[in-house]
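Feature annotations, reproduced from Swiss-Prot:
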type	residues	note
BINDING	His37, His53, His62	Cu cation A binding site
BINDING	His189, His193, His215	Cu cation B binding site
Amino acid sequence: MTVRKNQATLTADEKRRFVTAVLSSSAARYDTFVTTHNEFIVADTDNGERTGHRSPSFLPWHRRFLLEFERALQSVDASVALPYWDWSTDRSARSSLWAPDFLGGTGRSRNGRVTDGPFRAATGVWPITVRLDGRTYLRRALGGAGRELPTRAEVDSVLSIPTYDMAPWNSASDGFRNHLEGWRGVNLHNRVHVWVGGQMATGVSPNDPVFWLHHAYIDKLWAQWQRRHRTPAYVPAAGTPDVVDLDETMKPWHDSSPADLLDHTGHYTFDTD
């Protein structure tokens with residue numbers, strides 16, 4: 001059984017294996033993940049179904065997305081699991097995940113270019129090919145947006161919200177999903193993307209490997225919320241236009257519904273509850 005661990009507790013060998021597996025993914029295969037994520041960035045006013053963001057399926061869609069990536073890593077090294085980044089505890093640019101032997105640190109002040117760690121441009125092994133501008137290197141500006149990372153108290157305030165989601169099922173909704181996603185309230189998920197900066201603050205955010213650690217923690221928070229509340233684990237149940245209902249399969253895979261992904265324990269567990 002795959003066990004997802006807090007990145008702060010990883011051994012040097014576990015870090016090395018994770019980095020090696022990410023770097024061993026073919027560029028074309030990795031770019032598919034980046035492209036898929038970017039294609040599912042939508043606004044409330046866009047026509048058609050909202051699936052990956054600004055909708056109830058934000059959490060099961062990303063759970064399915066992370067499973068796909070984790071399996072890709074395990075095809076390289078079966079011992080690898082996605083670690084998670086608890087940004088409510090590891091809250092600074094000096095935290096262990098930003099070390100040169102893991103993800104590397106922040107970027108240059110003038111252009112955001114990351115200059116240390118295994119994903120820096122100088123290695124020549126991490127070119128950014130799915131991009132929104134001409135820059136072909138990994139960029140970050142840790143903390144540069146001014147607002148600090150979410151606190152544990154802010155996380156707890158969101159976990160206390162009893163209702164998973166509600167109409168209008170978008171970024172105006174006042175439920176757990178939308179507060180966790182960050183369009184309402186204290187702003188958890190979105191705020192972390194902006195804090196990291198660079199590609200993480202855009203639709204091509206999986207270009208930065210920290211994307212996976214961030215979303216593994218978002219997934220863990222969803223699991224914690226599920227254990228805490230007896231209310232329906234996912235809504236809407238059926239018959240809702242422009243969003244994914246409980247038993248409706250999700251694009252682009254068409255093989256999993258939110259109902260299929262409510263219980264993660266058949267795929268992986270976490271090191272702590």
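Every residue, even glycine, has its Cβ placed from backbone N, Cα and C.
A Cα-Cα distance of 11 Å separates His189 (Cu cation B binding site) from His53 (Cu cation A binding site). His215 (Cu cation B binding site) sits 7 Å from His62 (Cu cation A binding site), taking the C-alpha atoms as the reference points. All protein chains included, His62 (Cu cation A binding site) registers 22 other Cβ atoms within 10 Å of its own Cβ.
Within 10 Å of the Cβ of His215 (Cu cation B binding site) there are 25 other Cβ atoms, across all protein chains. Its own atom aside, the Cβ of His189 (Cu cation B binding site) has 23 Cβ atoms within 10 angstroms in the protein chains shown.
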